[in-house]
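Q: Below are the features I grabbed from TrEMBL:
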TRANSMEM  26-47  transmembrane segment
TRANSMEM  59-83  transmembrane segment
TRANSMEM  89-110  transmembrane segment
TRANSMEM  131-155  transmembrane segment
TRANSMEM  167-189  transmembrane segment
TRANSMEM  209-238  transmembrane segment
């Protein structure tokens, strides 16, 4: 945990906010999977609170953001356990993730170019309708590629290692589209209204949801494959070492 706090401190203090790639999200997923839902939620909350203390932003804590680490850890733990025992849960997560991704794609497809370009000044020259549609498509293709690769590996050699890697991928992708794509814009609007608003007029979520979502899609396309590769490799390894440790403990060596 200390290592992640140090990395989070470096990222938060050295990189501009526009380059925030949600480094914490895969960590919350990881601790939710390797710990129980209760322990995972406590560790996730402690990490988030400690990160705010280190970066001197504890007074900017908001419940909309503060609930994310807890929910991600709880969901990751429960989803991983249920999916390990029941393939229907795994299929449900996969279908729901693709449905959300496809729904966002359809919305942008029928949105005018002028509306899509209503983003923060730092992003305004960069985004176009075709680019956003391409980014969403790339995200879906990356998820499909990882899924296909792991399914083939599991079909050829149906071991628990490949099954755990596949479940981990779906848990991470689901957390991305739900907590990053759907929840994060809402949370930031609330944060803005509390701490950044100097006009006296609160921003409405229906007016600014896609204002904040568009840059998130770009950053997700970059960070998702990196975090996926990390988690689908580290989770089976940690579980193997944990099982080995428990085995030795039971037999007293």
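The backbone N, Cα and C atoms fix where each Cβ goes, and this holds for glycine too.
TrEMBL: automatically predicted annotations, no manual curation.
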Q: Sort out for me which stretch, of 26-47, 59-83, 209-238, has the most Cβ pairs below 8 angstroms to the transmembrane segment (131-155).
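A: Looking only at 26-47, 59-83, 209-238, the most contacts with the transmembrane segment (131-155) come from 209-238.
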Q: Does the transmembrane segment (26-47) come close to the transmembrane segment (209-238), meaning at least 3 CB pairs under 8 Å for residues 6 or more apart?
A: yes
